[in-house]
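In what follows, a structure is listed as structure tokens, so that the remarks can point back to it.
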Amino acid sequence: MSRSRTAILAALALVAGASGTALAVVPGDPGIAAVPCTVDYQVQNQWSTGFTANVTVTNLSAAKTSWSVKWAYAGNQQITNGWNAKISQSGTAVTAANESYNGALANGGSVSFGFQASYSGGNALPTTFTLDGVTCNVDGGTGGPTDPGPTDPGTPSTRVDNPYAGAKVYVNPEWSAKAAAEPGGSRVSGQPTGVWLDRIAAIEGVGDGMGLRDHLDAALAQKGSGEEVVQLVVYDLPGRDCAALASNGELGPTEIGRYKSEFIDPIAAILADSKYASLRIVTTIEIDSLPNLVTNVGSRPTATAACDTMKANGNYVKGVGYALNKLGAIPNVYNYIDAGHHGWLGWDDNFAPSAQLFYEAANAEGATVDDVHGFITNTANYSALKENNFTIGDSVAGKSVRESKWVDWNRYVDELSYAQGFRNQLVTAGFRSAIGMLIDTSRNGWGGSARPAGPGATTSVDTYVDGGRFDRRIHIGNWCNQAGAGLGERPQAAPATGIDAYVWMKPPGESDGSSSAIPNDEGKGFDRMCDPTYTGNPRNGNNPSGALGDAPVSGHWFPAQFQQLMQNAYPPLP
Ligand code: BGC
């Protein structure tokens, strides 16, 4: 894991150093120098020991009569046979040269070839390609400051590669006012947070609250002459929140028709208004839904009847596909699908199957992968961004960190490594190589007095991990109003390779669920994971919930939680 990541970073650094910063062109953006060529490298099929891939090269400079494409692997991939190119490999370096019949490559022309290869461990995608010695594009580089990111020849859109780059992000006046009214809250009330479209009524505005047009109008006012991102959470699937009760919604499991006509269609109609065409509208699509269909169904000990129902009736997949298709048809909308977090999908049983299910949903109801700009992890969750005191590769007293109780055979120990690793898996599953990731850092700071100052004792792998981990939850499956949590990294663009932004999609201070049953007209249930006296269920290994007491219904303002999040912020607040 860390070996291949180092190799990728090294490759990126090398390219940035060799050719300056203008590595790629964004379609429709005349301000950036053109690349001489693009390469689209797609893994077609993958099994445990091998894969097939297809490579399409587009020549954007003078016409050629012969060509040669080169790349290097970070892992032990070994090409065994190819077609439509003469392919040779020396160590990790691969050269694909034209056959006698396809050497001619016009300006603007493309050529494709394919191959089969073996591998073991990971099948990380190559990051750099050259055509006749000239760097084409850097696949997957949607992040770092020296890397403006790739273009994808298959994307028919004027969207920019990273909507957050060079843009302000909308500050929701309603959240901002609540934050500012809390003692000390003005330190964060200017931060951008997500606007949750969590019920049909939210489109027009609940009660006296702002509706979608009100938010977009306010965003235009904040925009001025610069670029402005607006972050929306699209969250009202039929049978919502099938593995929990705190965020059950208004639509029953079969009400897919209403989801389409009363929720997605009206949202799409507003977003398509030409008045809003200058905004970069980021959507987080339906958190928690598809992951539940992988982990909480069938014979799994964590299965629930409600998730089995949603899997069987297909309405999560259809709803997500419909939303992607309708919203993706609007040129200034950037769809990001929710991708759980490492403490959910980071296990081998869940990782590749989730990417496959996302791909299925992205091809349902008229959607295609071109409707997907990226994915978001850790939405409204608490998983630490980066555990500095141990890595997945460490061993202590003869045992791997993976064997610790906390990690429990997961492949990842934190969100950043998970988001970057899952990004590769998604590309392998068929998503565009230019996808970018968002990470919700609203509540994963884990600062304050309980934050370990260094690694844990090496007595056992458990003392080592438990003594060193920043994430102070009792169990990684705990998700409701966690005691001890703090604000995480402040929202920022392009913080790391493959990451479009750290965002505060969950507005800090809004409850995850009530600590006891509270009647409400939002469809919200009472989930005992929000009750501090609860001793757990199979989804949190039957551990105490770790939740704060006296919490209101999910989405409602929870001052005590907001105070704790500021108190334990990491990086700390001034
Ligand atoms: C709730 C939503 C709320 C959101 C943001 C979710 O848990 O179900 O109603 O808008 O959190 O606070």
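Every residue number used here counts from 1 along the chain in the order it is shown.
A Cβ is built for glycine as well, from the same backbone N, Cα and C atoms used for every other residue.
Predicted, not measured: the structure shown is a model, and the values here were computed from it.
For Asp241 (active site), other Cβ atoms within 10 Å of its Cβ number 24. Annotation source TrEMBL lists active site at Asp241.
Annotation note: Asp288 (active site, proton donor) sits in a coil segment as assigned by DSSP. The feature active site, proton donor is assigned by TrEMBL to Asp288.
For Asp512 (active site, proton acceptor), the number of other Cβ atoms no farther than 10 Å from its own Cβ, over all displayed protein chains, is 27. Among the features that TrEMBL reports, active site, proton acceptor is placed at Asp512.
Under 8 Å from some Cβ of the compositional bias 'Polar residues' (535-545) lie the Cβ atoms of residues 243, 296, 301-302, 474-475, 477-478, 480, 528-529, all in the same chain and six or more residues away from its ends. What TrEMBL lists as compositional bias 'Polar residues' is 535-545.
Helix, strand and coil residue tallies for the domain 'CBM2' (30-139), in that order: 0 helix, 61 strand, 49 coil [DSSP]. The domain 'CBM2' annotation in TrEMBL covers 30-139.
Taken from TrEMBL, the feature region 'Disordered' applies to 139-159 (among others).
Residues or ranges marked as region 'Disordered' by TrEMBL: 535-554 (among others).
Summarising the annotation, TrEMBL assigns signal peptide to 1-24.
In this structure the alpha carbons, written CA, of Asp241 (active site) and Asp512 (active site, proton acceptor) are 12 Å apart. Taking H, G and I as helix, E and B as strand and the rest as coil, DSSP gives the region 'Disordered' (535-554) the counts 3 helix, 1 strand, 16 coil. Put simply, Asp512 (active site, proton acceptor) is 13 Å from Asp288 (active site, proton donor) when counted between their Cα atoms.
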